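One structure is given below, encoded as structure tokens.
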Ligand code: 3PY
């Protein structure tokens, strides 16, 4: 059985005040122990988040990392610096990083490797644009993104990854994939993983991301190959985020 993971990607949003209210809401929410929960705030909140969440069982994620462990990379943050804040997870290859910051598959791969080397759990984000979907290229694009990373890793490394399928056309647009559309792509990714190694297909958590909200979470999460969610806007509203966590468990 795969334990669902609900992770809230705050993007360039949030504040110390939101961190406090999220922490209070999460700690009084009685979230089932059968669900893993993580919040992914901006870099500047990580140190404080690490302190506030210590011992709570809530995971802490970062939104990206630099592949080198240290050096003259003004403005960048390495895996070891993230770990000092108490970070356990890191997003890699979010579509906003791929498009706005020109991170191609190779840039994604080196970041996944750096995260794994440091003992962080990379959440590898993959997904197609609307044009690619309309041109019938979902399989080529999504499996291409998965393959570039997975084929360059050992089986043990692959087993430490989480994959998030986030159709680009559903990110920040309010449009959501239907449960059937999402399930279809998740099943395709899982079939590819199983083909590579049955235990990988069986064990890997595949999250859905792209406008998952309190009112559509239950339907998406009830799909057999959807093992959680990477939540955008709704993760900034403590009550909505908790409702999604409850829907997962
Ligand atoms: C969204 O739902 O908008 C996301 O990008 C989650 O990462």
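Placed from the backbone N, Cα and C atoms, the Cβ positions cover glycine too.
The substrate site recorded in TrEMBL includes 9, 10, 11, 211, 232, 233, and the single candidate from 172, 201, 203, 249 that the record places there is 172. With respect to Cβ neighbours within 10 Å, the binding-site residues 172, 232, 233 differ, and 172 shows the lowest count. For the recorded positions 10, 166, 211, 233, a Cα-Cα cutoff of 10 angstroms around residue 94 (active site, electrophile) retains 166. Fewest Cβ neighbours within 10 Å among the recorded positions 11, 94: that distinction goes to 11. Reported as a whole number, the C-alpha separation between residue 11 (substrate binding site) and residue 166 (active site, proton acceptor) equals 14 Å. Distance from the CA of residue 166 (active site, proton acceptor) to the CA of residue 233 (substrate binding site) is 14 Å.
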